[in-house]
Amino acid sequence: MFSRVRIPLAHSGPEAMTVRPLVILPDAQLRLISEPVSTVTDEIRTLARDMIETMYDAPGVGLAAIQIGVAKRVVTIDTSKDENAKNPTVYLNPEIVWSSEEKRVYDEGCLSIPEFYGEVERPDRVRVRYMTLDGETVEQEADGLLATCLQHEIDHLNGVLFIDHLSKLKRDRVMKKFTKAAKRDAA
């Protein structure tokens, strides 16, 4: 079963969306394990809207709540290519319930690790179970870029970054670069 919940992208008034600051490596928040969403509240809906706005502003195709400093199991993804036909999906408590044996390599990037990319091998297809903003539990099968994005964002919910899938040498280089930049920015 496949379900998308449309989120209005233009709001004004008390429900206006906010672009939130991104958490950047080496911030330890990125290693936190996010807490499940027990019920869909106005706070969760506002979080989802803000995440979509932040994701588009960055710009990116996916965002996990922890990337804006909220340790909740919430993910937003929009892999549509057409700027005029945005189609975001909000995934609450997403979990991979099946993955293919076939693998695919994508050159991944991350809004929390700006301007760094690395080739990551992941299952080509996945089935994900998640809760919608309507509180309904659904399953969705995905392949290609969407499957990669789902796996990448679900990793975030578990404190895993895409650089953890790279060689130790590459991971250490990235950590050193971002740690040095964070120290320089703090000075």
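Every residue, even glycine, has its Cβ placed from backbone N, Cα and C.
Annotated active site per TrEMBL: Glu153, in sequence order. Here TrEMBL flags Cys110, His152, His156 as Fe cation binding site.
Location within the structure of each feature annotated in TrEMBL.
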residue	record	contacts (Cβ under 8 Å, 6+ apart)
Cys110	Fe cation binding site	Phe116, His152, Leu161, Phe162, Ile163
Glu153	active site	Gly62, Leu63, Ala64, Val75, Ile77, Tyr91, Pro94
His156	Fe cation binding site	Leu30, Ser34, Ala64, Ile66, Gln67, Val75, Ser112
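The number of other Cβ atoms within 10 Å of the Cβ belonging to His152 (Fe cation binding site), over all protein chains shown, comes to 24.
Sitting within 8 Å of the Cβ centre of Cys110, His152, His156, and not among those site residues for Fe cation, are the Cβ atoms of Gly62, Ala64, Gln67, Glu108, Leu111, Ser112, Glu153, Asp155, Leu161, Phe162.
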